[in-house]
Amino acid sequence: MRPLVIKLGGILLDTPAAMENLFNALAKYLQNSDRSLLIVHGGGCVVDDLMKRLNLPVRKKNGLRVTPSDQIDIIVGALAGIANKTLVAQAAKFKLNPVGLCLGDGELTAAKQFDPELGHVAGVIARNPALLDNLLSGGFLPIISSIAVDENGLLMNVNADQAATAIASLIDADLVMLSDVDGVLDADKTLLSELNSAQIARLIENKVITDGMIVKVNAALDAAKILNRGVDIANWKYPEKLTALFAGEIIGTRIAP
């Protein structure tokens, strides 16, 4: 099987019991599988909490966090520090051989600033898989934060969905986006197991997919097009289903390219 990139988001990083359930499911899955696994994470809730404790303002432009030079160190500390090492600690508890990384380590990705008005915010593309190839062949679990380094050596904040897509592209992996939603629901609130771009456009037009779910679905669709294969949206709240998900079964919604 291809390697599997698991993108973590939502309030999982703020929910210790959910993190424990996730890594317990990973450990159980790996008892009977030699599939290579990687985790990519953001951590907006961790950033917001730290900014609040430091009485720092949070500014956004078109839904994207503005990251000025005097705040990038705070965001790096939250994502590559607090969030990353919290996940590493939970994975270590289950003997998963975790290694905490960021997108800039080993030149995994190349980063380019999005918009000067957003500050230290960048997009990334896959660059050099050597570090991940070595770690995966050695039986390690890479846990990668969405902090990158640009060509000028500047630290950059990257959208975690795009970060996960770049890492999946780098090593030709499947991608699962874990969140606090079951998947995409139809007008009758029934879970839709598979969707393509035309169906998604119709559901958005008919206001069945709305608000934050539009962002999640479009992120998965963008990833599916880049990877040229289905990308799953699934819920981390059901640990009993996660081992099936890691094995390739659909438990949420699979977005086709």
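In case you wondered, yes, glycine gets a Cβ from its N, Cα and C as well.
Around Gly44 (substrate binding site), the C-beta neighbours below 8 angstroms that are at least 6 residues distant in the chain are Arg65. According to Swiss-Prot, the substrate binding site annotation covers Gly43, Gly44, Arg65, Asn157, on the basis of sequence analysis.
Look at Lys7 (site 'Transition state stabilizer'): DSSP puts it in a strand. Neighbours of Lys7 (site 'Transition state stabilizer'), defined as other CB atoms within 10 A of its CB across all chains, total 30. Look at Swiss-Prot and you will find Lys7 (among others) tagged as site 'Transition state stabilizer', backed by sequence analysis.
The Cβ of Lys216 (site 'Transition state stabilizer') lies under 8 Å from the Cβ of Met177, Ser179, Val181, Ile233, each on the same chain and at least six residues away in sequence. Per Swiss-Prot, the feature site 'Transition state stabilizer' maps to Lys216 (among others); the stated evidence is sequence analysis.
For Gly43 (substrate binding site), the same-chain residues 6+ apart in sequence whose C-beta sits under 8 angstroms from its C-beta are Leu13, Ala78, Leu79, Ile82, Ala83, Ser145, Ser146, Ala160. DSSP classifies Gly44 (substrate binding site) as helix under the three-state reduction. Rounded to a whole number, the C-alpha distance linking Lys7 (site 'Transition state stabilizer') with Asn157 (substrate binding site) is 16 angstrom. In sequence order, Gly42, Val47, Ile75, Ala78, Leu79, Ser146, Ala160 are the same-chain residues whose CB sits within 8 A of the CB centroid of Gly43, Gly44, Arg65, Asn157, the residues recorded for substrate being left out. Less than 8 angstroms from the CB of Asn157 (substrate binding site) sit Arg65, Thr67, Ile72, Ile75, Val76, Leu79, His120, Val121, Ala122, Ser146, Ile147, Ala148, each of them six or more residues away in the same chain.
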